[in-house]
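Written out below as structure tokens is the structure these notes cover.
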Amino acid sequence: MNHEVMNLFNPQAPAQTFDSIRISIASPEKILSWSYGEIKKPETINYRTFKPERDGLFCARIFGPIKDYECLCGKYKRMKYKGIICEKCGVEVTLSRVRRERMGHIELAAPVAHIWFLKSLPGRISTLLDLTLKDIERVLYFENYIVTESGLTSLKLHQLLSEEEYMLAIDEFGEDQFTAMIGAEAIYELLAGMELEKIANDLRVELSETTSELKQKKLIKRLKIVENFLESGNRPEWMIMKTIPVIPPDLRPLVPLDGGRFATSDLNDLYRRVINRNNRLKRLIELRAPGIIVRNEKRMVQEAVDALFDNGRRGRVITGANKRPLKSLSDMLKGKQGRFRQNLLGKRVDYSGRSVIVTGPELKLHQCGLPKKMALELFKPFIYARLDAKGYSSTVKQAKKLVEKEHPEVWDILDEVIREHPVLLNRAPTLHRLGIQAFEPILIEGKAIQLHPLVCTAFNADFDGDQMAVHVPLSLEAQLEARVLMMSTNNILHPANGAPIIVPSQDMVLGLYYLSIVSEKEPGEGMAFSDMGELHHALENKVVTLHTKIKGRVKNIDKDGKEVAKLYDTTPGRLIIGELLPKNPNISFDIVNQEMTKKNISKMIDQVYRHCGQKETVIFCDRIMQLGFSHACRAGISFGKDDMVIPDSKLRLVAETEALAKEYEQQYNDGLITQGEKYNKVVDAWGKCTDRVADEMMKRIQAVEFDPKTGRQRPMNSIYMMSHSGARGSANQMKQLAGMRGLMAKPSGEIIETPIISNFKEGLTVNEYFNSTHGARKGLADTALKTANSGYLTRRLVDVAQDAIISAVDCGTAKGLTMQPIVDAGQIVASLGQRILGRTALVDILHPVSGEVIVEGGVMIEETDVAKIEEAGIQSVQIRSALTCETRLGVCAKCYGRDLARGTPVNQGEAVGVIAAQSIGEPGTQLTMRTFHLGGTAQVVDSSHLEASYEGTVEIRNRNVVHNSEGHLVVMGRNMVILIKDGSGKERVVHRISYGAHIFVDDGDVVKCGQRIAEWDPYTRPILTEVEGYVGFEDMIDGLSVTETADESTGITKRLVIDWRANPRGADLKPAIIIHADKKGEDIAKYKGGEARYMMSVDTILSVEPGAHVKAGDVIARLPMESAKTKDITGGLPRVAELFEARRPKDHAIIAEVSGTIQFGRGYKNKRRIIIEPNDETLEPVEYLIPKGKLFHFQEGDQIEKGDYILDGNPAPHDILAIKGVEALASYLVNEIQEVYRLQGVLINDKHIEVIVRQMLQKVEITESGDSGYIPGDHVDRIELDEINDNLIAEGKRPASGNPILLGITKASLQTPSFISAASFQETTRVLTEAAVSGKIDTLQGLKENVIVGRLIPAGTGGTIAQIRRIAAVRDNLIVDERRKSSDSQVAKIMLTNMTTGATAE
């Protein structure tokens, strides 16, 4: 800001503010300009007087006085001598605070290289000089000479010479014919002599001429660094230092300990070493010591300086007295304990306290109970001020005494002070923004903080000894923000998914559920009640019970606000809950007239919030909590061991399964199935058995029983009530208590074949107990690791997304995403409505039949619109998304849509990036850590058949079926899809049917719910013949490509294809089954214009004999699923991290880049070459190499579409981006990440993941540079490139082009435009080195940079303040310009009059 100009009019201008920070390499002049004097001695303080030594590391003359306004010798004391320099000791009389600010310097006797620019990759010095790092080090550490001028000799420039070679060269050419130097001086000379402009031009010319890719890379790398130096105005020789700055002494203090010893900062040791060696070197040079000694000393100075800047980067680590490595300047910045993360981003807070929490059920939602003792301590300054104002005390000392003695008036004043003064409560770990909320304190006796039960979910708190911290907002602004934004009553909805988070849990749910139960044959059944008074009367007199079926009249208001009453079939309990509902036309009694499970209560609160607003909701929640507690207490629900009912059929089911397992064992012994198949089948059978026992148990537990004596319904099973209501416990836990525990996993994730048949009620046998402890211990170990991993993921997410802030209302983009319901295994997992609610429509959404507009383009889709869209049967909707938003910095409100935590359109300045990161990271601890090893385990076998889950009409897409010899319809296509449509023609379910499956329905058939549609063998993959004919074998040579194997345990033989390439004789074989058209086997049957030849892969089991007659659709060979078994399903947290880091998965899928025909090329030893001949003539054929043992679906001549998988597996996200584009990538990442969370039942809105993916897609890799001055391979911000291209096109120049690239979150964080943010994240030294060389400017746009420089963040209220400041600055500039113009015009007038008067005088 133009403060210089402002000073003309206002001499008392404020301290300079700044808009950006620039980092560059310090020149020697700069270092001297900072310094207040040279440090010549290594001494610190005098051991007798404890005064700093003159010219030493703590010298008072250089750094300033030790005591405020007092020189060292004591001649001048007090304020009146301010600014005088004492003639005796040379110390300036001023504040001692300057010892934190003043720097000194060390003048080096020989230059040294700065280790950051030497060693931090890529080594800047070596790249600039085009030498290897090793060579530079040899010169720097005095092993070799380097030729700096070759003259007319045969020596080359930059040639290295050893001592002998140097001597020989001098003998040969003479000393003055060439120059060779050694040490940092040599490098200094070379760097100083560089003409950067010329080098840059030469490199550009060379780059345009070269064709080798390796050379291009090298040239580009060098050119980048040369250009960085040119643009930033840094000089290369500044990377070699002649003076070293010394940081102020109070930042490396010397602290006296008791016992006369001192604790010192490591830096003092490191500086001392440098000074000692430097002084010794000076003396040696003065004494004209032999070259070899001087050189050794110079090397030692270089090493000392290296250790000071970055200890351990080169050579051995320098250790202190206690064998601990010394902390160098770099270590001061790095890591969790470094300056950035310890002091700048995280600070300790005063006015805070912590204590244990207990429940406070009588509090209102916005209150918390604060112990009096704590309040007295926290609000001390306010109390002192009030005591003074009321005249109880005249000094702070007096006030202090009153407070310490706890005078009665102090308590009255404390009450006044605390009233309406919110405090912040925080529970660690603070995983999302609901971990800190504001409450109004209520003074309580005791020492524990009371917390409102409803906010426990948000804090993830329980009362088993958790502690919480209290913070007092001091300034008026802070109090205002706490009250308006952070009050617990404002945080009713969860920012991750928009569902209520102030929801009753545990006892409250149980109480409400108990109230809402209906029982048969209760007293008073069928009575009718006109109002609540009557009902309470009847309940008091036990005429009816809470669960009696009755009719009740419920009053509500209609749209016009008139009272209406309606009669409902209900129970007294439900009417009592209904009494609390706010009166609103949109809220009917129906939402209470059902069993109040936790889900239903949540829905009810959601409805109340949407229709009645925040205030009503808060009152309603408080009332419902009271009701829940009181009825849970009255009901007295508890359970004993007899409530765990073991089903009678358990023994029968277990016996049946044991028989099955024996049968599979026998089949394996007979050689009908392999070891792996047996394992699969056994695990499968036990899995089914466990589920059936659990089902039987559930049937027993939830059965309605009647008391034969009274005829009344027996009370419901308590355990079932707790589980079913969602209060505590789950079906799985009930299964283990009263069913059977089932299969257990080993620590490796494999499933143990023998299940645990007992349950906890019966008790486990020793073997069973041992089996169950096996996997359980792994679970505990995982939990500890998980917390750390989850926290690290959150940190990376916050870092990458911290500058995504809502910065504009509408960016006006025409791009968006297409949303469809997510279907998994035929079930709709996420409906279209869930996915589009609260998003902005991209274009008008029209009714498919009537064509009327349901939602206009650019308008947010509300709940009512969703209902209309689903009614209309629309299957896909185009919406705006953060991914396609075109705002320059941040995201616009339209693309983001609804602020989930408030249910309204998002405000400007909302930090949506951080919210997204927290929403994704917070549930991280709930995800599993397990990588599922499918040793062909139960998970492979999802199912072996498919049943219709809806009634409707079948439609088959890409139909490709034949009748095989048994008359079954067999699927021959690889992408055949069966859809079931309901009466209105709406798609209900979609199933992809696998190759080789048998189907029982055809196009147009009508199916009933539960009817079997298809089945397949889950344990093997078949190879089918597509034509009828006779089998022939090709290249099937016994012992070479085929072998008859006998199963070792059964002795039964089968034919197996073995790896024929292992033997040199078999190198050219291509084992195949061919189908002949006739019995003689002369000509091969034709199919689709090609021959019916089926290549066999390793491990295929042959199912036919040569000469056998087969029909189309018959199985000729099968591949056991075991070859697909070792696929590890990376689940849970590691999978989420893998996706966000955009790592290439192990064994990733190979995706076709073009549409075309598959051809097989010549294979390699263990790779198979596949060529796609494109359908588009203009494109080149594409080749892929595939490992030979891999399962490969296609035959020669098959058609393949762009984006189809050639090889199955998890695709690499980069491939999806390159082949299918941004939208496909976005939907892939969103769906994959959501799938992991969905498995754990965690709801996260898509938009959060989209915001993170947007941050990962910020960069473009330049392919053609045009006239932009970029170099191909540069990574440029997408929006920056668009702006530069617009300018280039406007000037009629060639624009640059590039491809979008996907960066993992760590990489993206390190590549943010802000170097402060990147340095505080990871790899601090590398980031700062890079930034310094290129002279980067940090414009302080994101949140972290602003926190670090100590400003308000540019989000929320801080964003508004920043905006006001910007507007003010612009206006200031305008005013200054105006004033300057007016003063200029006055001067001009005077000059004119002077000129005219001068002219007339002449």
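In case you wondered, yes, glycine gets a Cβ from its N, Cα and C as well.
Marked as Zn(2+) 1 binding site by Swiss-Prot: C71, C73, C86, C89. Of all Cβ atoms in the shown protein chains, 17 besides its own fall within 10 Å of the Cβ of C89 (Zn(2+) 1 binding site).
Under DSSP, D462 (Mg(2+) binding site) is assigned to coil, being neither helix nor strand in the three-state scheme. Long-range Cβ contacts of D462 (Mg(2+) binding site) within its own chain (separation 6+, distance under 8 Å): C456. Annotated Mg(2+) binding site per Swiss-Prot: D462, D464, D466, in sequence order.
In this structure, C811 (Zn(2+) 2 binding site) belongs to neither helix nor strand by DSSP; it is coil. Feature annotation from Swiss-Prot assigns Zn(2+) 2 binding site to C811, C885, C892, C895.
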D462, D464, D466 excluded, remaining Cβ within 8 Å of their centroid (Mg(2+)): I357, A461, F463, G465
CB-centroid shell, 8 A cutoff, Zn(2+) 2 site C811, C885, C892, C895, site residues removed: A808, D810, T813, R880, A882, T884, E886, T887, V891, A893, K894, Y896
Integer Å distance between the CA atoms belonging to C811 (Zn(2+) 2 binding site) and C71 (Zn(2+) 1 binding site): 62
Neighbouring C-beta atoms (10 Å sphere around the C-beta of C885 (Zn(2+) 2 binding site)): 25
For the binding-site residues D464, D466, the one whose C-beta sees the most other C-beta atoms within 10 angstroms: D466
Additional residues around Zn(2+) 1, ordered along the sequence, whose Cβ is within 8 Å of the centroid of C71, C73, C86, C89: L72, G74, K75, Y76, K88, G90, V91
Least buried by Cβ count (within 10 Å) of the binding-site residues C71, C73, C86, C811, C892: C73
Where C892 (Zn(2+) 2 binding site) sits in the secondary structure, as DSSP reduces it to three classes: strand
Tertiary neighbours of C895 (Zn(2+) 2 binding site) (same chain, Cβ under 8 Å, six or more apart): C811, T813, T840, R880, S881, A882, T884, C885, T887
Integer Cα-Cα distance in angstrom, D464 (Mg(2+) binding site) to C86 (Zn(2+) 1 binding site): 65
When distances run from the Cα of D466 (Mg(2+) binding site) to each of the binding-site residues C73, C86, C89, C892, the nearest one: C892
